[in-house]
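Please read the structure below before turning to the comments.
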Amino acid sequence: MTCRSQLSAWLCLISFGLLSLFSTGCGASGGGLMAGVGVADITGPAGEVPMMGYAKASQKTAGIHIRLFARAFVFRDRFGATVAYVNVDAAMVSQMVKLRVLEILKKKFGNTYTEKNVLLSAIHTHSGPGGFHGYTLYAISTLGYMSDTFEAFSNGIASSIEQAHLSLRPARLFYNEGELNDSSVSRSPSSYLLNPAAERARYSGDVDRTMQLLKLVDGSTGEPFGMLNWFPVHCTSLNNTNQMISGDNKGWAAQLFERYMSRGAQLPGKQKFVAAFSNANEGDVSPNTAGPRCIDTGEPCDILTSTCGGRTQKCVAFGPGRDMMDSARIIGQRQFNKALSLFQSATREVQVDSISVVHQNVDMTNYELTVNGKRVRTCKPAMGFSFAAGTTDGPGGFDFTQGDTSGNLFWNIVRSVLSKPSAEQVDCQKPKPILLNTGYMSFPTQWQPSVVETQLVRIGPLTLVALPGEFTTMSGRRVRDAVRAALEQNGMPDGTVILAGLSNLYSSYIATYEEYQAQRYEAASTIYGPHTLSAYVDQFGKLARALATNASVDSGPPVPNLYNKIKSYSFITPIVYDSVGIGRNFGDVVTQPKVAYRPGDTVSASFRTGHPRNNMMLGGSFMMVQRKNSSGDWEEICNDACVETRFRWQRTNALLGHSLAHLDWDIPSCARPGTYRLLHTGWYKPVLLWQKPRQFSGATREFQVKSSSARQATGQVRDVINDMFGSGCN
């Protein structure tokens, strides 16, 4: 049974509850579990908005590679306990966004969804629009607040949860896990080696390679309808020169899986099956498996400082592909391959007796605990010099290098103009040389969070740990061990602990105490000082004990809602008007495609267009690949969310408001022969400023896609690995 409205959802719950009273066992329906899934477009503004991730304000959106989505999973036990998990195609989640999501949900569902039972986890793409943070440090690089991004994220996440809520049905869960060995490497191997040898000996490598997966099956029909997995790797296959919005390698993987499960029958974002590729303890984990090298000599970089000739800018990590797009595809495809294998072989059913959550806000700036018999505490936030050096995935600027434990006089003077750290702060943060004393900076808002959300979600024997930042590999392992030990010691043995990365808010990085001493990028970005991880291990241990014993915990201090403060600070250039010149029209084709193509070719066309921020086309598309059917009508084959299309926007003359839209379609080998065209849709802002934006569209001339000799020889119509269930494969 599937619930398609709020009324039917309640009827579904009641009927399922009555049925369970007369059933002799719970195995057929997962012990009374209900689950639902939902997906919503959160792509945001695709033109002239700084991207969030690399802290490079000049890296601005200029088109779409893969649309961004919020993928929601709602679980409810037989007692009515409910939890919502959302995998968000974003760099991270901000407290400000979560608070707005809860406001929207409260209007529709009352107190069903609160900060306690909603877990928002980001994939950590570095190719999405910024402007959704309230804390100043995270807003600076994106030129402040951007309403389009904030509203797209907030409304989209809330919509995905609403869809999942309204599609609740009897469900069964199956768990599986396995190793994925060719998709990640450590980007700070020298820091990892500082961890105790005995601890390192417990593990096979310096990154976690286990993918953990949940398979959702309809309890009535037996049909799968969802998949969730967790695997730690940065979404930095696309580097800081990319300007197209994209979910990077995890966005690739999710789309492959969803299109595979729908057999190409639905366009991305329209499918009924929802697949989420979540992150975990990815803090020091890179997808650039070819490793870093000096771009001027080809030689290895200095392993301690990630420099070449003393410069970080020359030390760059590379992926396995011929370019960054190809690397994103390869790493995404490998995650898809592993997930599909685990999904198809998942036989361990998860018996969900009940669902419970424990949530507590914590002031992380003065957390006291005992470590090795010594009383220690955390510090007010601060960023170290090596933070500005960036990483081998995205080097920083100026003369900063990783591994800096001393700083320099010039930057100390610059720092002191903003906020000179006290002797107490310097001593608390040592050996970190403080570049930004963020804990003492409050204009226009707090620069970094003081109050942090901590949360555990239990679904039967599965416990999800909501990591409030980027935990390094060993940091995540220690948290996982602490949670598992606390559960076992309090009567919950044989459970499975899952780390959900970048959840609910962003508090930068969390390195181990030992890694902190080297002050590479991850350590310099560990904002609460050397005992940050110890505090989190202690806190999550407390929550695990409360979860196992059903003990209550106080809610802790409230998190600040910085929306009203930050919304006034936006330095993103507004759209004044669009124009195409006399005798021209929006939607005119400037460059037509060729007359004929074969699979493996790329179709390209250019159009006169308006600014993509005039309308984000959420749930729609700036481009469409269309095929003429036997009746002479045009069928939609693929849109700008598809991995085989690219919508690139170019402002050719800012003064006159002229723009071009460049559309590309990589024809998959399974494309059907026939007549095709490319369609571009957009909005323009009239020169008369009081007029509202207007919609337009334009289409290319028809072109032919002919049969490929490879297809004729092999007869392969579907090859999801190579063709990603591309257009023409349905």
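Cβ from N, Cα, C; glycine included.
The annotation signal peptide is assigned in TrEMBL to 1-27.
Taken from TrEMBL, the feature domain 'Neutral/alkaline non-lysosomal ceramidase N-terminal' covers 35-537.
Long-range C-beta contacts of H234 (Zn(2+) binding site), restricted to its own chain and to partners at least six residues apart, with a cutoff below 8 Å, comprise H124, H126, R187, E282, V285, S286, P287, D393. Per TrEMBL, the feature Zn(2+) binding site maps to H124, H234, E470, Y509.
According to TrEMBL, the active site, nucleophile annotation covers S286.
Annotation comment: TrEMBL describes 540-705 as domain 'Neutral/alkaline non-lysosomal ceramidase C-terminal'.
Under a cutoff of 8 A between CB atoms, and with a sequence separation of 6+ in the same chain, the neighbours of E470 (Zn(2+) binding site) are H124, E282, G283, G501, L502, S508, Y509, I510, E522, S525. Looking only at the domain 'Neutral/alkaline non-lysosomal ceramidase N-terminal' (35-537), the predicted model's pLDDT averages out at 97. Highlighted in sequence order, N279, E282, G283, V285, G469, G501, L502 have their Cβ within 8 Å of the centre of the Cβ atoms of H124, H234, E470, Y509, the residues recorded for Zn(2+), and are not part of that set.
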